[in-house]
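S.K.: Take this structure, written in structure tokens, and hold onto it; I'll ask about it next.
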Amino acid sequence: AVVMRKLWGSDYNPEKYFSDQQNDGQDQEKAGFRDLLAPESRTPMIIGCMLMVFQQWSGNNAVIFFCSSIFKSAGLEDTDQASLYVMTVQVIATAVSVYLMDRAGRRTLLITGTIGMTVASTSLGLLFLLRHLNASPGGWLTIIALITYIIFFSIGIGPVPWLVMNEIFPDYTRPLAASIATVINWFSAFAVTYLFADMQASLMDYGTFWFYAVICFMAVLFTAVMLPETKGLSNLQIQAALARVAPCGGGAPNREHGLSIPSSEALVNTP
């Protein structure tokens, strides 16, 4: 109960949550794939899956796995030491994100993180382009840009989608929906890592990072338009907020599964 109040605010009532969950579990049947196409499930499903796609196609895994070769391409000699710096920064930044998540808010961290990644990826592309043109920028600039990229990833689109995914899905579809989103995440991680070397060969280093910059910018726009702030809200409040931004039909609640989405007035007055 203490943890739940810390996550969702001091006014949150965990006893009522557990009571509602128990009642819902007795009333609801196991969700199937057809339920994911229901009006109240479509928008959360799109948001959850797209955040996982953006998380991987922003290029983080490729950057981490090929960190040494990236630094080598930038002209650095001690690539192992530079990679160690990057990994250390990632651990620290991820720890900081845990502190910030319930203070700054999920949506704020996602937008801030992806904006920072857009700038960092664009800068990395520019640095590699200058090197390709024999302008030879300092290798330390590449380290700074890459560390900046890792910091913004680790406070934003790295950890936040996993939390948001469990908050936005309706209770009765959450297990199935979260499983599908996770499969999409791992498939995307495989595809990005597998294609990284081919992208470097066809787009060059600078083109590859500019491609990631475009993905990050798309994530900024997607989050700004589609994702309401979920900090401190119950699942029903989140469903009501999503219904107001739903591009594919928020629809009426699915009474078969006992889901009742409150009105806007109720949402405002709910503690």
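Glycine is treated like the rest: Cβ placed from N, Cα and C.
Bear in mind that TrEMBL entries carry predicted annotations, made automatically and left uncurated.
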S.K.: Name the residue range among 45-65, 108-128 that TrEMBL annotates as transmembrane segment.
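M.R.: That would be 108-128, the stretch labelled transmembrane segment in TrEMBL.
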S.K.: Other than its close neighbours in sequence, what residues sit by the transmembrane segment (209-227), given a CB gap under 8 Å and a spacing of at least six beyond its ends?
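M.R.: Hits for the transmembrane segment (209-227): 43, 46-47, 50-51, 54, 57-59, 106-107, 110-111, 114-115, 117-118, 121-122, 124-125, 128, 157, 164, 168, 199, 203, 245, 247.
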S.K.: So which residues does the transmembrane segment (176-197) touch in its own chain, when a touch means Cβ under 8 Å and the partner is 6 or more beyond its ends?
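M.R.: 31-33, 35-36, 41, 44-45, 48-49, 51-53, 55-57, 59, 61-62, 65-66, 165-166, 169, 208.
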